[in-house]
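In TrEMBL this protein carries:
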| type | residues | note |
| --- | --- | --- |
| DOMAIN | 14-227 | domain 'RNase H type-2' |
| BINDING | ASP20, GLU21, ASP127 | divalent metal cation binding site |
Amino acid sequence: MGSEAQLPKWASEPCIMGIDEAGRGPVLGPMVYGCLYCAQSYQKTLSSLNFADSKTLKEEKREELFENLKTDESIGWAVDIIDPRELSAKMLKKNKINLNEISHESAMGLVAKVLNMGIFLTEVYVDTVGDAEKYKEKLSGRFPAVKFVVAKKADSLYPVVTRDRALREWILDETAENMHKNFGSGYPGDPETKAWLEHHKHMVFGFPSLVRFSWGTCTPYIKELAEVLWESDKMDEDSSCGKKQMKLIRFGVTTSKRKSEEIESSGKGHCKFFQARKLERLTHF
């Protein structure tokens, strides 16, 4: 999503770009990274357009500025919307990807996107995530021809407006009765958000896809949900038990269920997983 439909006339001039995010902290909805770029020669004009930190502006004012910027041919912009399911999946996978890494990849993806469009980027301002110096080194290593300035409190008009709209227009995938979108700001401390989470938890299926279920905010609710026993976990337990029995048998130690366990651990029998599916072990191919 962005304004990359047509390469602007000023694309071959030295250009600057700013990157920031919105929605890093909320337990609901997407995290959005956004960038705005323009020719260096337009920088003074840009600074006179009455922008401010998005948190100091009302939603109506942000929308107004956003509409004005979209019609300004002297600037370009792009956003990366990271779905809450993607955030949670990455943060809970076996090889976990933390939020800082997700943020870095999103920001670098925007830089790459704008460069690939043909924009002559010479300087990029980035809102810091984690250690500023290490982040700068990471960016410079990936894009050595670009000068990076990593700083706090960068303006985040584009990602905030995009996130506002994403939440406002969010279509819930789930179709259960009594579902609604009165979830407040989506931040963990918002009473309206807490009430929405309490009302929308499901004892088996957890939360709607709008929720970042990897957030600590969800932990108290998840503890109340039905316990799920996965067959793969049971297989791991059976395998571990089988190895233990083999070790005991080698040392002449047996248990009360000696006969069945010896057969099971020796590989001559079939574990329940294979028995239930009528599968047999092949010894020759």
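Cβ from N, Cα, C; glycine included.
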Protein Cβ atoms within 10 Å of ASP127 (divalent metal cation binding site), excluding its own: 22
Cβ atoms near GLU21 (divalent metal cation binding site) (within 10 Å, other residues, all chains): 23
Average model confidence [pLDDT] within the domain 'RNase H type-2' (14-227): 85
Other CB atoms within 10 A, centred on ASP20 (divalent metal cation binding site): 23
